[in-house]
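Here TrEMBL flags 38-287 as domain 'ABC transporter'. Here TrEMBL flags 383-405, 417-437, 457-481, 493-515, 521-542, 615-636 as transmembrane segment.
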Amino acid sequence: MSSSLCAPLGTRRGRGGYVEDGSSRQDVPIVVREGVYLTWEELWVTMSKPSGKDGKKAIILESQTGYAKPGELLAVMGPSGCGKTTLLDALAGRLNSKAKQTGDILINGRKQALAYGTSAYLTQEDAMLTTLTVEEAVYYSAQLQLPDSMSKFEKKERAEFTIKEMGLQDAIHTRIGGCGSKGISGGQKRRVSICIEIITRPNLLFLDEPTSGLDSAASFYVMNRIARLNKTDGIQRTIIASIHQPNTQVFQLFHNLCLLSNGKLVYFGPASAANKFFALNGFPCPTLQNPSDHFVKTINKDFELENPEQGLTDGLTTEEAIYMLVKSYQSSETSQQIQTEIVAIRTGDSSAMEKKSNAAFFTQCIVLTRRSYLNMYRDLGYYWLRLFIYGALAICLGTIFYNIGSSKESAQARGSLLMFVATFLTFITIGGFPSFVEEMKVFEKERLNGHYGVTAYIIGQTLSSIPYILLISLIPGAIVYYLTNLHHSCQHFVYFTCVLFVSVMLVESLMMIVASMVPNFLTGIITGCGILGVMMLNGGFYKLPSDLPKPIWKYPLYYISIHKYAYQGLFKNEFEGLTFTNKNNNDQVGEHMKNISGEDMLRDLWEVEMCHSKWVDLFILLGMLVLYRVLFLVIIKAMEKVKPIVAAFKWK
Ligand SMILES: Nc1ncnc2c1ncn2[C@@H]1O[C@H](COP(=O)(O)OP(=O)(O)OP(=O)(O)O)[C@@H](O)[C@H]1O
C-alpha cells in the first residue's frame, strides 16, 4: 500500500498534546485532521438464534478489521446475507438490541458511539411520506436539515440542484406514492432517499445499497455523484457504501474494498489491488468478466449444492476456497499495511465529531407542521375517511335517538347515546393508526439521522392534526346534537364538542405511545384496542364505581381511564339543569316522584362524581392529553439515551 494512505487529509494546525505512549509533545505543534476517521478492529457481532433455547449465538460478523477516512469511498461487497448491513449498522451504532458486539470501533481515535445527527445513513428500505412530490420531499428535508443561516432561496436551489444531480428532474412534480397509490418508480424512490441524505453534504455517510433498483447507467451516475461529494466544496467526506453488483465503471470509483463472505473478512484493501489478490490465490478474473461479479461469485457458497460444478475451483469447494482466501488475506502484506494504517489513524489527532447544524427549533416546528398538515390532507386514510365514517355514524345515531324527549325513559337513552359518543366514537380513531405508523417510520429514520428533534416533531404533529380533529368533532357532533335534541344551549354544545375533540386527541396520543413501542401496525392496533377496551370497562359505566373492586384506591384503572372523565363530563353537561317526567306516576305519588331532576339521576343511577364540576373533567382530560404527548417524548428520548449506553455496554 502506498504511504499516501497514511497521509492526513485536510489538515489544520493544532496545540500540543500527548502521544499514545505517554511521552509529552507539548512543544511540538501537531496537526489536527479534519473530517471523520473510523477504524474497527477485531469486530465481532453475534445474535441470539431465534430458535436457540440452548443459548447458542449465531455469528454474523467475525474478526472484522478496517478503516474509512475522509476523501475516500469504501465499498462493502459480498453475497446476499454475508453481513454488509450488519457491518454498516455496527459502525453507525445502530445494531438492534438482539445483537451483541465486541471489538473496537474508534471514531477519530476515540471509543465513542455516534451521536444522533453526526452522520447520515441511507437505509435499505425507503421510508418517505408517500403523499409528497419529489420536490416537496427534498425541499421540506432541506428546510429541516439546512441551517437558518441559509436563505429560503438557497435551500430551494440546493434541493433543486440535488434533485437534478440524481437525474430526477422529469419526476420532480410526481408524488412518491406507495401502497395503493402509484407514484415514482422504485429506482427513483431510491434516488429521492439519497437526495434527502446528501442534501446537507454530511461528513460521514453510510449508504446501504444505494444502487438497488437502478439500471447500470443510473448506478454509475449516482455513485459518481456520491464519490464527487468530496470534490465539490473542498471538504473531505468519509463514505461507506454496501453495494451488490457494481459494473466496472462504478467499481473504479471505490478507493477501498471490504469483501465479506458469511461474516468473514475475505479482503480489505485498495479496490484496485483486489484483482491481483484473487489471481495470486488461484482465482484470476476471466477476461471480459466484471471483477466485482467474479469476486462475489467466487465467495458465494449459497448455491453450491444446487450447482456443484460452480463451486469447484482447482478442486476446492467454495467453502474451502473461502477458507483459503480468508487465511491468505490474514497473512498478506495488504493486511499488514491496513494494520499500519489503522495505527496511524489512531495515533493522529483528529477534531471532535461535530453535530450537523440543522434548522432552528422554531423553523423545524413550522416546517414539520406544514409537512404533516399536507400529508394529512392528501392521505385519505388519515382523517377524511374517518370524517366520512363519523358523519355516517352521526346520522345513524341521530336517526335512532331522534328527538330524544324528556321522559325518565329518555334519560336512559341519553345515557346510552352519550356513552356511545365517549367510547365508540373515540375508539374508531384507531382507524388512522396505519397512516400514523407509516409517518412514524419516516420520523424514526429522520430522527436517527438527526434531521430534527423529537419535540419539534410532536409539536408539528399536534398542531397539524388540530384542524382535522376539530372538523371530525364539530360536524358529526353537530349532526348528533341537533338531530337528537340534546341539552339546548350553545354552551352545552361547545362543551360536548370539546370533550369529543380532546378525547379523540387523547386516543391518538395513546396510539402514538403504542406506535413508539410497537412499530408494527397489526400488533399496534391489537395493543391499542386492548388498552382502550380495558379503559372503557373501567370507566365506571359498565360497572358502577361502587361495584368496582374495593378499596377503590387500590383500583387505579378507574382513575386513569380516559372514558371515566369523558363520560362523566358529558353526562354532567347533559343532565345538570334538566328535569325528567316519570310516565308511570299516578295521583297517589307525590310531586317529587313525578319529576326527577337530572342531578338526582346522575347521583343515583350512574353514580357520577358530583363533587366537582364538568369543567374539572374537561380539565383532567386536557391534562391527560399533555401528559400522553410528554410521555411519548420521554419514551423516545429515553430510547435515544439508552441506546448509546447499551452499545457502550455491549462493547465491553
Ligand atoms: N435479528 C436477526 N436475528 C438473527 N439473524 C439475523 C438478524 N439480522 C440479520 N441476521 C442474519 O445476519 C446475516 C447478515 O445479515 P445482513 O442483513 O447484514 O446481510 P447483507 O449482506 O446486508 O444481506 P443483503 O445483501 O441481502 O441485504 C444474515 O444471515 C441474516 O439472516
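For all residues, glycine too, the Cβ spot is worked out from N, Cα and C.
Mean pLDDT, taken over the domain 'ABC transporter' (38-287), works out to 88 on the 0 to 100 scale. Within its own chain, the transmembrane segment (521-542) is flanked in space by residues 419, 422-423, 427, 430, 433-434, 437, 507, 510-511, 514-515, 548, 555, 557-558, 560-564, 566-568, 606-607, which lie at least six positions past its ends and keep a Cβ under 8 Å from the stretch. Here the transmembrane segment (457-481) has long-range neighbours at 364-365, 367-373, 376, 382-383, 386-387, 390-391, 393-395, 397-398, 417, 421, 425, 439, 443, 447, 493, 496-497, 500-501, 504-505, 508, 512, 629, 632-633, meaning same-chain residues at least 6 beyond its ends whose C-beta is under 8 angstroms from one of its own.
Sequence-distant neighbours of the transmembrane segment (417-437) (same chain, 6+ residues past either end, Cβ-Cβ under 8 Å): 379, 381-383, 385-386, 389-390, 393, 397, 401, 404, 476, 480, 484, 486, 496, 499-500, 503-504, 506-508, 511-512, 515, 519-521, 524-525, 528-529, 532, 536, 539, 541, 562-563, 566-567, 570-571, 574. Taking Cβ pairs closer than 8 Å, the transmembrane segment (383-405) reaches residues 376, 413-414, 417, 420-421, 424-425, 428-429, 431-432, 465, 468-469, 471-472, 475-477, 479-480, 482-486 in its own chain, all 6 or more past its ends.
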